[in-house]
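J.: Before I ask anything, let me first share the structure, which is written out below as C-alpha cells.
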Amino acid sequence: MASTSPVFLRLMANAVAVANHAGNIIREVMSKGDLGIVEKGVNDPQTEADRRAQQCIIGNLNKKFPLMSVIGEEDLAQEIDVELVSDIDKEVLNLKCPEDLVNVPEQDFVVWVDPLDGTAEYTEGMLDHVTVLIGIAHKNRPVGGVIHQPYYNYKNDKAGLGRTLWGIPGVGVGGFNPVAPPEGKRLVVTTRSHMTPVVQQALDSLKPDEILRVGGAGYKVMLLMEGKATAYVFASPGCKKWDTCAPEAILTAMGGRLTDIHGDPYSYASTEMHPNRRGVLAAAKSDDHKWFVENIPDAVKQLVKS
C-alpha cells in the first residue's frame with residue numbers, strides 16, 4: 001500500500017512517525033540530566049536534543065525522499081548515520097490525497113523542520129511549551145503540517161505522555177479536536193521572551209481582554225487550535241519559516257489563517273530567506289484574523305515592513 005500511495009501521503013505519514021521518534025529523543029536527553037547546551041547567539045541556546053532530533057528527522061526524510069529539499073533550523077557541522085525509523089502512520093497514509101497533490105513528485109516538495117521549538121523553555125523546565133515542527137510546502141504554500149508535543153500531559157501521571165497533531169488543507173486535521181475561542185473575548189497570545197516596544201504597541205492597540213505570554217511558535221498556535229486564544233500577534237521579525245510552516249498548514253486545514261502582520265501570506269519556497277521579516281499574525285477563525293489585520297495600526301505595520 002505504502003509504495004503505491006501518492007508521494008505526498010507517504011511524506012506526511014513518515015513525517016508523523018519521525019516527529020514521534022524525535023519526541024522520544026527529546027525526552028531521553030532530558031532524562032539524562034545533561035542537556036549539552038551551546039549558545040548560538042544572545043538568548044538562543046541549542047541543546048543535544050535539538051541536534052539529535054534534527055539529525056533524526058532530516059536523516060530519515062533524506063533517505064526516504066532523496067530528491068526533496070529539507071531545511072532545518074540547526075546548522076550542524078557534520079552529517080551522521082541515523083537510525084532509520086521504519087514506522088509509518090497508517091491513518092494518514094490511508095487518507096484521500098488532495099487532487100492537486102496526487103501526482104506531485106518528491107522533488108517538488110519543500111520541508112521546513114524545527115526539531116525542538118521552544119528550546120529556551122525546554123532548558124527552563126517549561127516542558128508543555130516544547131514542540132517538534134515539520135511543515136510541507138508545494139508551490140510556495142504549506143500543504144501539510146505536523147506538530148508533536150513530547151511533554152503533553154507530563155504533569156498527569158495517569159495520562160499518556162505526548163501527542164501528535166497534523167493537518168492537510170482541504171482534507172482536515174488529526175490528533176486533536178479543534179475548539180473555537182470564547183465568544184465576546186479577545187485573548188491574544190504573544191512572545192514570552194522577545195518583547196519589544198513595537199510588539200507592545202501592537203498589543204496595546206488591540207485592547208485585548210487578556211495577553212498570554214508563552215514560548216515557542218508551535219505552542220502559541222496550539223493555543224489557537226484548542227480555543228485558549230483568539231489570535232497570535234507578534235509584530236517583530238523574530239520567527240523563521242520552520243516556526244510557521246507546519247502551524248500554518250494545520251490552521252488552514254481547520255479554517256484559520258496565518259500571515260505576516262500586514263495580512264499577506266509568506267512563501268515557503270526553498271530559495272526564500274529564512275526569517276519572517278514582517279512579523280506573524282494568526283487566528284483559528286478567518287473572520288477573527290481579518291479583524292486583527294484591520295485593527296493593527298498602520299504605524300506599527302510600517303515599523304515591521306522590511
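Even glycines carry a Cβ here, placed using N, Cα and C.
Just so you know, TrEMBL annotations are computer predictions that nobody has curated.
Per TrEMBL, Mg(2+) binding site is recorded for Glu73, Asp114, Leu116, Asp117, Asp243.
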J.: Using a 10 Å radius around each Cβ and counting other Cβ atoms from all shown chains, which of the binding-site residues Glu73, Asp114, Asp117 yields the largest count?
T.: Asp114
J.: Take the Cβ of Asp243 (Mg(2+) binding site) and count every other Cβ within 10 Å, whichever protein chain it belongs to.
T.: 27
J.: Name them in sequence order: residues not among Glu73, Asp114, Leu116, Asp117, Asp243 whose Cβ is within 8 Å of the mean position of the Cβ atoms defining the Mg(2+) site.
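T.: Those within range, site residues removed, are Val113, Pro115, Gly118, Thr119, Thr131, Val132, Leu133, Gly216, Ala217, Gly218, Lys240, Trp242.
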J.: Just to confirm: which same-chain residues, 6+ apart in sequence, have a Cβ under 8 Å from the Cβ of Leu116 (Mg(2+) binding site)?
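T.: Long-range Cβ contacts: Ala22, Ile26, Thr47, Ala49, Asp50, Ala53, Gln54, Tyr122, Val130, Thr131, Val132.
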